[in-house]
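Undergrad: Grabbed the feature section from Swiss-Prot, which reads as follows:
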type	residues	note
BINDING	E114, D115, V116, I117, T118, T119, G120, G121, S122	5-phospho-alpha-D-ribose 1-diphosphate binding site
BINDING	T118, R146	orotate binding site
Amino acid sequence: METSAMLSIFKETQALLDGHFKLTSGRHSDSYFQCAKVLQHPEHLGTICSAIADHFRESGVDTVISPAIGGIVVGTEVGRQLGVKTIFAERKDGRMTIRRGFSLEKNERVLVVEDVITTGGSVAEVMALVEAAGAEVAGVGCVVDRSNGTVRLADSQFSVISLEVHSWPAESCPLCRNGVPIEAPGSRAASPSPSA
């Protein structure tokens, strides 16, 4: 499916928002991809995840891992389509961990799947967990790459939508300077910006 058609689906389901947002990364932006709004529709979830699964189908993936919360639905569906187990990593005391009885085996080929990549911080943390377990990162897949490909996390990396979306460090955000009210819709609790 072409990027323009995929963006139409995001707009139609109100998953692409315009305004002033504090992103999970801490940066500010004038747009926000709320992937949950599009992924709540099974037909869109299947279409989006099939693009990721198809890209990695011949990569010998044994397991799909996703950072909680946003990546779980996407990772689970990609894993289902690839016919492999799916697990997730989550934050405990501010650090990404593998819990709930999940584990990775030495030399296991692991695909890291996320909903949205802005700076790649959460994905990089999950990749470090995979490598610390002695497993191998088979690639990184995501629904939306907000960096338009400038954030490279793995040799094999794929995004369904790749766009350059404006974002700024909080201290130099033009929307804050103009007094535009800010929202923090991400999955991690975000505190209001002092300049908001």
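For all residues, glycine too, the Cβ spot is worked out from N, Cα and C.
Help me see these features in their spatial surroundings.
TA: The Cβ of V116 (5-phospho-alpha-D-ribose 1-diphosphate binding site) has 25 neighbouring Cβ atoms from other residues within 10 Å, across all protein chains displayed. The secondary structure of V116 (5-phospho-alpha-D-ribose 1-diphosphate binding site), as reduced to three states from DSSP, is extended strand.
Counting only same-chain residues six or more apart in sequence, the Cβ atoms lying under 8 angstroms from the Cβ of R146 (orotate binding site) belong to S29, F33, V116, I117, T118, L163, E164, V165, S167.
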Undergrad: Taking the Cβ of E114 (5-phospho-alpha-D-ribose 1-diphosphate binding site) as reference, which residues of that chain separated by at least 6 in sequence fall under 8 Å from it?
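TA: Once residues fewer than 6 apart are set aside, E114 (5-phospho-alpha-D-ribose 1-diphosphate binding site) is near S66, P67, G70, G71, V74, G75, S122, V123, V140, G141, C142, V143.
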Undergrad: Once the DSSP letters are reduced so that anything not helix or strand counts as coil, what is S122 (5-phospho-alpha-D-ribose 1-diphosphate binding site)?
TA: helix
Undergrad: Give the three-state DSSP assignment (helix, strand or coil) for R146 (orotate binding site).
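TA: In three-state terms, R146 (orotate binding site) counts as coil.
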